[in-house]
Amino acid sequence: MGLCYSLRPRLFGDLSARQEDTGGCGGSGKGTGKDRGRRLQLLQKTSTQKQKNCDKLLVEEKEAEKEAKKVSKNIDRVLKELKREYKQTHRLLLLGAGESGKSTIVKQMRILHVNGFNAEEKKQKIQDIRKNVKDAIVTIVSAMSTLIPPVPLANPEDQFRIDYIKSIAPLSDFDYSQEFFDHAKKLWDDEGVKACFERSNEYQLIDCDLLRCRVLTSGIFETRFQVDKVNFHMFDVGGQRDERRKWIQCFNDVTAIIFVVASSSYNMVIREDNNTNRLREALDLFRSIWNNRWLRTISVILFLNKQDMLAEKVLAGKSKIEDYFPEYARYTIPNEATPEPGEDPRVTRAKFFIRDEFLRISTASGDGRHYCYPHFTCAVDTENIRRVFNDCRDIIQRMHLRQYELL
């Protein structure tokens, strides 16, 4: 035993010294306890801060969720309102061959239902009207020498005026001086120029004034207006051949098609090829729309437009309809045809013949899924368009109710 105790310091060192350094197994351990306390306090503080951060994040998350629900609810409300408004809106698609008067119909809707044109818009149209005047006089004086037989000036001394007009014809940035208008007016007073104008079916001519002002429609233009708290959206699409491929973009959810025909164009050719008769082109176009598989449930309101010009041509007797439509010679006016008060019987027969040419197409299918409603119109006559559109509103309303299966 003595040996064992004597060897302990060598084997294990001086245990008493260690105990003193560490305070012994039963010592107070002041240094280590303080460190542990500080660490514990730090952990508690960190834990408390983390808890506060978590609580804050939870509150923020709940607020964000609450705000998101509010936004979602508002979006749903707006979508519901838009859907309701969409269902209550009558969408009208204006179709027809080029220069039939579609854009003029749109202008009339603006005049009648959208407070017309403001001063700035009227000012902008002045340049278009000037260009129409220039294009018209250039076209007429150029045609005088190309028509067969040619048309001479009644006053040959005015030839220098024609030379001036032809010299400014290619200028795109022409400033429309008073000299130009003086020459144009003098030439228009010439009987030879007027005679050439009367043969305008043999070449292309452009009409003018605010409603007659001609600007080629390219693309799709939407006009919105309201009549007696009913919303209408009218889509005007270019009628030239290269514009028609865009029509299909407008076919979805259309309430009705307004097909516009230039009735007076029976003796004219289209701009695209100078061979195809304009009225026959309109008939072919109407047939393709009427039989289109996407439009077999969409009824068509037929505007037989330019009745004023048709009457002028028929009464003038220089361009006979039977020369372009031989079947007109055999046409008998239907019993239900009602002429306008004071209307010449020749005009009545002409306009109903053109109407019946279109109705023959619409009645050929006989499926009863869509109908054609013809109206005689003069797009530059605001009162005429007001009356016709009022007559059409009940038809459009029935189409709309049928579209959403409410009728």
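Any Cβ shown, glycine's included, is placed from N, Cα and C.
Feature annotation from TrEMBL assigns region 'Disordered' to 18-37.
According to TrEMBL, the feature coiled coil maps to 54-85.
Annotation source TrEMBL lists GTP binding site at 99-104, 211-217, 236-240, 305-308, ALA379. Remark: ASP308 (GTP binding site) has CYS378, VAL380, ASP381 as non-local neighbours, by Cβ distance under 8 Å and separation of at least 6 in sequence. According to DSSP, ASP308 (GTP binding site) sits within a helical segment.
DSSP gives SER103 (Mg(2+) binding site) a helix state. Per TrEMBL, Mg(2+) binding site is recorded for SER103, THR217.
Taking Cβ-Cβ distances under 8 Å and a sequence gap of 6 or more within the same chain, the neighbours of ASN305 (GTP binding site) are SER100, GLY101, ILE105, VAL260, VAL261, ALA262, SER263, THR377, CYS378, ALA379. Look at the binding-site residues LYS102, SER103 and count other Cβ atoms within 10 Å of each Cβ; SER103 has the fewest.
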